[in-house]
Amino acid sequence: KESAAAKFRRQHMDSGSSSSGNPNYCNQMMKRRRMTHGRCKPVNTFVHESLDNVKAVCSQKNITCKNGQPNCYQSNSTMNITDCRQTGSSKYPNCAYKTSQKQKYITVACEGDPYVPVHFDASVFLPATPLPSLPRPHKHRLLWLEGNNSS
């Protein structure tokens, strides 16, 4: 079975290339990376940075994930990414996508040992406030989640 880290690489990493000037980039890549098997994945982001740079995000700005989990991290700088969004008229098995190249901060969820990206959470134009500067209850909850019940 594909590991979460390997799935992240397959679905989100496209180092050393870009989508610029290729309106068919998403149609080609979504198919090539098996995100149109059985259904059309509606939205997906490819990151055009080195795997090392993306792995490094796991030690950058700790923020809350969209699902409320505390193991998300936002990049310190913007990254070259491509957003792929299924067009309204396309239906499986003929998945069609709109390709948009952008420079944005990325947010990934990290897990494991080594601590690596396992989920692409979001991309934004403006950086978020890191978790430690949030009000106190969050700190207690985080400590508790880490199994440190000294509070």
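Here the Cβ of each residue, glycine as well, is placed from N, Cα and C on the backbone.
Annotated features in Swiss-Prot:
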type: BINDING; residues: Lys7, Arg10, Lys41, Pro42, Val43, Asn44, Thr45, Lys66, Arg85; note: substrate binding site
type: ACT_SITE; residues: His12; note: active site, proton acceptor
type: COMPBIAS; residues: 14-25; note: compositional bias 'Polar residues'
type: DISULFID; residues: Cys26-Cys84; note: disulfide bond
type: DISULFID; residues: Cys40-Cys95; note: disulfide bond
type: DISULFID; residues: Cys58-Cys110; note: disulfide bond
type: CARBOHYD; residues: Asn62; note: N-linked glycosylation site
type: DISULFID; residues: Cys65-Cys72; note: disulfide bond
type: ACT_SITE; residues: His119; note: active site, proton donor
type: CARBOHYD; residues: Thr129; note: O-linked glycosylation site
type: CARBOHYD; residues: Ser133; note: O-linked glycosylation site
Candidate nearest Arg85 (substrate binding site) in space, where candidates are the recorded positions Cys40, Cys58, Asn62, Cys65, Cys110 and distance is Cα-Cα: Cys40
For Thr129 (O-linked glycosylation site), the number of other Cβ atoms found within 10 Å of its own Cβ: 10
Entries of Cys40, Thr45, Cys58, Asn62, His119, Thr129 which, being recorded positions, have CA atoms within 10 angstroms of the residue listed as 'active site, proton acceptor': Thr45, His119
Farthest-apart CA atoms of Lys7, Arg10, Lys41, Pro42, Val43, Asn44, Thr45, Lys66, Arg85, residues recorded for substrate, distance in Å: 22
DSSP-derived structure type at Arg85 (substrate binding site), helix or strand or else coil: strand
Between Cys72 (disulfide bond) and Thr45 (substrate binding site): CA-CA distance (Å): 16
Alpha-carbon distance [Lys7 (substrate binding site); Cys26 (disulfide bond)] in Å: 17
When distances run from the Cα of Cys110 (disulfide bond) to each of the recorded positions Lys41, Val43, His119, the nearest one: His119
Of the recorded positions listed as Lys41, Cys84, Cys95, His119, the one whose CA lies nearest the CA of the residue listed as 'N-linked glycosylation site': His119
Recorded positions near Lys7 (substrate binding site) (Cα-Cα within 10 Å), from Cys65, Cys72, Cys84, His119, Thr129: His119
Least Cβ-crowded entry, counting other Cβ within 10 Å, from the recorded positions listed as Lys7, His12, Lys41, His119: Lys7
Listed in sequence order, residues with CB under 8 A of Val43 (substrate binding site) and six or more positions away: Asp83, Cys84, Arg85, Gln86
Lys41 (substrate binding site) versus Cys95 (disulfide bond) - Cα distance in angstrom: 9
Cys65 (disulfide bond) versus recorded positions Cys40, Lys41, Cys58, His119 - nearest by Cα: His119
